[in-house]
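**Q** Okay, here's the structure, questions in a sec.
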């Protein structure tokens with residue numbers, strides 16, 4: 001055997017080994033890609049109180065195990081605390097807005113409620129139940145409630161205060177709707193994974209308040225879809241953190257930032273224009289043109305208002321090739337979210353298959 005033939009033989013052995021290693025690497029990459037395809041990361045973004053946490057609760061109801069009686073019982077204290085927080089906010093606003101109580105005895109009731117340390121509330125009993133009922137029935141407090149855009153008040157206030165007898169019952173167990181309406185500011189990051197058609201959807205909810213946003217940064221890797229929530233009803237409200245800044249302007253600024261982040265170049269963007277039910281109520285007495293002078297549509301027209309708001313957000317997209325998928329939602333309405341998320345899921349799966357060249 002000549003030296004050349006021995007070398008050729010060795011080379012072919014080396015080449016074979018190199019090819020084998022290369023094939024193994026290719027196979028592993030394909031496996032990794034396939035496994036990554038099985039888990040889709042959905043990042044829920046939006047300013048504070050846009051409805052992100054409610055959306056996650058709906059995923060648990062629609063695609064998870066829901067809320068057992070034991071789970072619901074865990075929300076009882078939070079419902080009580082929400083009621084006290086709301087009434088305290090209105091009592092304080094009565095002073096700020098200089099609205100008098102119609103009934104003299106409600107001044108004492110207001111003082112009683114004002115002195116409660118909400119963090120320590122774990123029951124809902126008299127004299128507090130009667131005090132809060134009496135206050136809620138006072139025309140002064142009702143006027144204060146009607147002027148709620150001038151201070152910070154939870155969207156669920158009316159829902160709970162109109163149902164005090166049920167909540168004050170000693171055998172009270174929160175309903176699914178009570179659970180959906182409870183307001184607890186999200187601090188930190190909440191993940192909710194659920195399985196659909198053998199794909200894991202990992203939904204990530206990050207705090208919306210400004211102080212929470214700096215914690216988002218490490219969530220940004222491998223995001224399949226950005227789901228951005230906007231509260232339609234916030235067009236006439238100011239921020240919790242800054243009372244001279246319009247909430248919708250803040251939401252627009254955040255959306256603009258998010259869609260231009262290089263991290264999200266390959267992520268699909270789904271825009272949820274949420275709280276459509278509250279917009280329908282509010283548009284009857286609070287005119288969009290007073291806050292967005294460029295609006296030239298009809299007054300008291302929820303359809304025209306929401307189309308205008310949608311266009312404001314879509315126009316922030318600088319990339320004409322990037323489609324923004326949009327849906328009008330009411331996050332506290334399970335059937336609405338079931339319907340909307342079915343469409344969103346199909347969109348995400350289709351886009352994901354396209355990315356992996358499977359369609």
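For all residues, glycine too, the Cβ spot is worked out from N, Cα and C.
Pulled these from Swiss-Prot:
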type	residues	note
REGION	41-54	region 'G1 motif'
BINDING	50, 51, 52, 53, 54, 156, 180, 181, 183, 274, 275, 277, 331	GTP binding site
BINDING	53, 186	Mg(2+) binding site
REGION	201-210	region 'G3 motif'
REGION	329-334	region 'G5 motif'
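Burial and contacts for the listed features, if you can.
**A** Sequence-distant contacts of the region 'G1 motif' (41-54) (same chain, six or more residues past either end, CB-CB distance under 8 Å): 155, 180-181, 183-186, 190, 201-209, 212, 216, 219-220, 222-231, 234, 239-240, 247, 250-251, 254, 258, 267, 272, 274-275, 329, 331-332, 348.
For the recorded site, residue 53 (Mg(2+) binding site), the DSSP three-state label reads helix.
Note on residue 53 (Mg(2+) binding site): other Cβ atoms within 10 Å of its Cβ, all shown chains, come to 21.
Cβ atoms under 8 Å from those of the region 'G5 motif' (329-334) belong to residues 51, 54-55, 58, 61-62, 176-177, 180-181, 229, 272-277, 340 of the same chain, restricted to positions at least 6 beyond its ends.
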**Q** Record lists 50, 51, 52, 53, 54, 156, 180, 181, 183, 274, 275, 277, 331 as binding GTP; longest Cα-Cα distance in Å?
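**A** The two farthest binding residues have Cα atoms 18 Å apart.
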**Q** Around residue 186 (Mg(2+) binding site), which of the listed binding-site residues (52, 54, 331) come within 10 Å, judging by Cα atoms?
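**A** Of 52, 54, 331, within range: 52.
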**Q** Taking the region 'G1 motif' (41-54) alone, what is its mean pLDDT?
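**A** The average pLDDT of the model in the region 'G1 motif' (41-54) works out to 91.
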**Q** Taking 10 A as the limit, how many CB atoms besides its own sit near the CB of residue 50 (GTP binding site)?
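**A** Around residue 50 (GTP binding site), other Cβ atoms within 10 Å: 26.
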**Q** With the cut-off set at 10 Å between Cβ atoms, which of these binding-site residues ends up with the most neighbours? Options: 54, 186.
**A** 54
